[in-house]
Structures are given as C-alpha cells and as structure tokens.
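Since the structure comes first, as structure tokens, the remarks are kept for the end.
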Amino acid sequence: MSASPDYKTNLLSHLISNKVLSFGSYTLKSGRNSPYFFTTTLLHTAPLLHATASACASVLSSPPFVTTSTPDGTPRPNFDIIFGPAYKGIPLCTAVLNELGVRDTTGAWNNISYSFNRKEAKAHGEGGNIVGAPLKGKKIVIIDDVITAGTALREAVGIIEKEGGTVVGVLVLLDREERVNDNEKKSAVGCAQRDLGENVPVKAVLSLSDIIEKLGNDIGEENLKRLKEYRAQYGAEE
C-alpha cells in the first residue's frame, strides 16, 4: 500500500467543487485579508469524505509514518492508534482508518485502531472522556483539519499523555505556510514541529504551495496572482 501520486490533485478538485476551498477576499481571525478560505464544516458528503480519507491514508501509509525496512519488505505502521480530537478530528480518524483497512492486502494494518475524546467526560456507563481504543502504552498519530494557534493540538497531546499514550506523529489537512504572527517567523505547523521535537513528524496533506502549483491558472489568473502575493507577504520561514 503506497501513496497515489494524484491524491493531492484529486482532493483539491473535490474541495473546490464542494466549496470547502474557495477563493475571494476573507478576513481571518488574525486580521489578515486572505485570498482563499478553507472550511472543513462542509466535509459531510460521502464522495468528499472519501476523497479526504483517501488522501490522508496515502500520507499515513508512507514514510515517515511507516517503516519500510521490514524483514518481509512489507511497509508497517509506526503507530497503533489514529486519534481525532473532538470535534472535527472525529470523522477524520474513523474514515481514514476505514480507508486504510480497505486498502490493506497484507494484514499490516489489522491491529491499528481509532480513538477520540469527548468534550465532557461521561459520568455513567464506561465513563471517562475517551471513545475507542484505550491509549495507555500506545503510539498515537493525531489527525485534525488544521493547526491555527496550536491550542487544540496542545490539548490533544495533553489528553493522550494523561491517558498514558505517546504522540509519535501529527497529520493535518492543510498547512497555510504562513507566519503565525509578526513575532513568529514559523508557520503553525512549523511551531508544532519545533514544540514536539524532530522525532515526531508533523505533516500536512495539502499546503498553500500545493494549491498554487497544482491548480495554477485553473483558478483564474487574478486568484493565482493574489495567492502568490499573499505567500510573499506572509510566508513562513521553516
């Protein structure tokens, strides 16, 4: 099971046709005027969720999330659980795990599980705030839509560590590749990588560079021009 070279183009096509990714003039929480907008609240149809899960599965089934130097030559995952932080990470972790299972022809992914957290701990039944596989003693990859200020990621790491798990990787759908603020030259993904350490890969399925390079003039010359200008003005130094 290896990454499809076309998964980025395929996903971008779905995101644009379903207006998950749109172009225009948008004011972000940071106050910046962005020429594009990405919202995962629209990831709720079967074709779109499948395209998203397929792209994520392509990344997670490739290095650095798998080990290729195995005795039988079969790539094997470096993690035990895909963790989706509530709420947007929940459909992602389940859909991506399902896609990995569908693709698997070797059994290498048979023991990989999903898990997510409740915002409020359950006081009855099994109790607690974790749904899915127990995290204790397990290696965890966190999957989410984006990293903005890093607050949600830090909370997810805290939950996992409190439950006795170890974060070994992070995958997000989009890296905007822009500086967090005027005092921080790195992007949100870059900051997360710095904070978690070089041994914990933080990767994105798509980036602003992918949008520019793979779509080009298909999004219109003016939109392309504005994207390049935005990157030149706010681009991060990794």
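Placement of Cβ uses the backbone N, Cα and C atoms for every residue, glycine included.
Given the structure is predicted, the values throughout are model-derived calculations rather than measurements.
The candidate list THR9, THR148, THR151 contains one residue that Swiss-Prot assigns to the orotate site with PHE37, PHE38, ARG176, namely THR148. For the pair LYS29 (5-phospho-alpha-D-ribose 1-diphosphate binding site) and THR148 (orotate binding site), the Cα-Cα distance reads 10 Å. For the binding-site residues ILE147, ALA149, counting C-beta atoms within 10 A of each C-beta gives the highest total at ILE147.
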